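Okay, structure first, notes after.
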Amino acid sequence: MATITCTRFTEEYQLFEELGKGAFSVVRRCVKVLAGQEYAAKIINTKKLSARDHQKLEREARICRLLKHPNIVRLHDSISEEGHHYLIFDLVTGGELFEDIVAREYYSEADASHCIQQILEAVLHCHQMGVVHRDLKPENLLLASKLKGAAVKLADFGLAIEVEGEQQAWFGFAGTPGYLSPEVLRKDPYGKPVDLWACGVILYILLVGYPPFWDEDQHRLYQQIKAGAYDFPSPEWDTVTPEAKDLINKMLTINPSKRITAAEALKHPWISHRSTVASCMHRQETVDCLKKFNARRKLKGAILTTMLATRNFSGGKSGGNKKNDGVKESSESTNTTIEDEDTKVRKQEIIKVTEQLIEAISNGDFESYTKMCDPGMTAFEPEALGNLVEGLDFHRFYFENLWSRNSKPVHTTILNPHIHLMGDESACIAYIRITQYLDAGGIPRTAQSEETRVWHRRDGKWQIVHFHRSGAPSVLPH
């Protein structure tokens, strides 16, 4: 059967000069010939994409189609042709917000308030549409045009994810080092609050021209962030109003559940009553510091783009030392996006949830156990005498009549775990479980079982859909 190749982009659009270049894509000005309308085309070479990269590209296009807001760069079309994919966006000609600020003759706290208000409006729209950006930083804050008072536009949804309501889950280690939240660094479940943390970092920079967390050594930088170790040093912060500092404190709150939301931040007096609360004094020191900050960002960005351009899109076929191959390892990566969802990290995640499941079993915690199991879970285990068990009722019996009554210490060890990743949302783990316990007479015993568990991720949460346990029926392991 003949394959029909799409040529719609080639037929409808004419390409012009290059506007920007990433490691794996190029952005060029284009014109829709019949309408005479200008756009920016992000061109991705799909020949270099893995199946995983294709999924990410589809996710980005799907998310961008959802978002329609004056402070977000709009996606107008998404076209796939042989060897290339084209994302057709608004043509924004004003450049980066931070570059525009340093060219201004006058810049005050009130101007910073107006900037962060527009960023928060964009973030609020994202969150209302169930989208978390995950990569808010100066490079992704653009201006619609060169005209004075042009709108701030949020760009680059390459790392954005879809979430349900206020859902918190582990979506992978992703973002830009200096803007990462404590919960991401702790590898805790996360959600919309990560964007507000990044807004806090951006607002801090908007007011003084340098970031709240900074260290050339990435490990020390991450320690600072996890500890929330920032301050408002003299003399530059002495002229900043208490209300501005209060908003930063509310954004840079370590506990994500206590962190201010986008809707709440927009109601903060420093934003909602800008004309009477925010200072109008010109901040020359901020402009001078911001010039240095911009120069440092550009230099480091250029170095990393050059490094990354030599790698495959997935970074998996470079042939280099894998340990040093990721951007994550580089101290030069403070302003460069990373997405550390490589095989090693994902396998560690499966081991972690398996350990949590076994801990729930050892503690006789049926409630936690059920949260980690699909309601229709199937199982082969010795206690079922060769029968396939479906659902949780069979397992409930052991929790109610054995585990809940066992007050003696139990120690479990997982040996030789082998994990098979089956796409983004499924994984299989096989291992030997050694269980040490005290029998009825108080004598230490050891039991062994060979187990295979199949995990499936739904709405960001891993659940067991099937398991198989070998060995003789035993008193404790389940």
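Just so it is clear, glycine is given a Cβ too, placed from its N, Cα and C backbone atoms.
Just so it is clear, the model here is predicted, and its values are computed rather than measured.
Among the features that Swiss-Prot reports, phosphotyrosine is placed at Tyr13, with the record citing a large-scale study or a structure entry. According to Swiss-Prot, the feature domain 'Protein kinase' maps to 13-271, an assignment based on sequence analysis. Residues or ranges marked as ATP binding site in Swiss-Prot: Leu19, Gly20, Lys21, Gly22, Ala23, Phe24, Ser25, Val26, Val27, Lys42. Summarising the annotation, Swiss-Prot assigns phosphoserine to Ser257, Ser330, Ser331, Ser333, Ser404. The feature phosphothreonine is assigned by Swiss-Prot to Thr286, Thr336, Thr337. Annotation comment: Swiss-Prot describes 290-300 as region 'Calmodulin-binding'. Residues or ranges marked as region 'Interaction with BAALC' in Swiss-Prot (evidence: similarity to another entry): 310-320. What Swiss-Prot lists as region 'Disordered' is 314-341. What Swiss-Prot records for 322-331 is compositional bias 'Basic and acidic residues'.
The structure, with features from Swiss-Prot marked on it.
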residue: Tyr13; record: phosphotyrosine; Cβ contacts under 8 Å, 6 or more apart: Cys30, Val31, Lys32, Val33, Tyr39, Ala41, Tyr86, Ile88
residue: Leu19; record: ATP binding site; Cβ contacts under 8 Å, 6 or more apart: Val27, Arg28, Arg29, Ala40
residue: Ser25; record: ATP binding site; Cβ contacts under 8 Å, 6 or more apart: Lys42, Ile43, Ile44, Asn45
residue: Ser257; record: phosphoserine; Cβ contacts under 8 Å, 6 or more apart: Pro193
residue: Thr286; record: phosphothreonine; Cβ contacts under 8 Å, 6 or more apart: Tyr107, Leu206, Leu207, Val208, Gly209, Glu236
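Look at Ser257 (phosphoserine): DSSP puts it in coil. Taken residue by residue with DSSP, Leu19 (ATP binding site) is part of a strand. Cβ-based crowding with a 10 Å cutoff singles out Val27 as the top-ranked of the binding-site residues Lys21, Val27. In the region 'Calmodulin-binding' (290-300), helix, strand and coil residues by DSSP number 11 helix, 0 strand, 0 coil.
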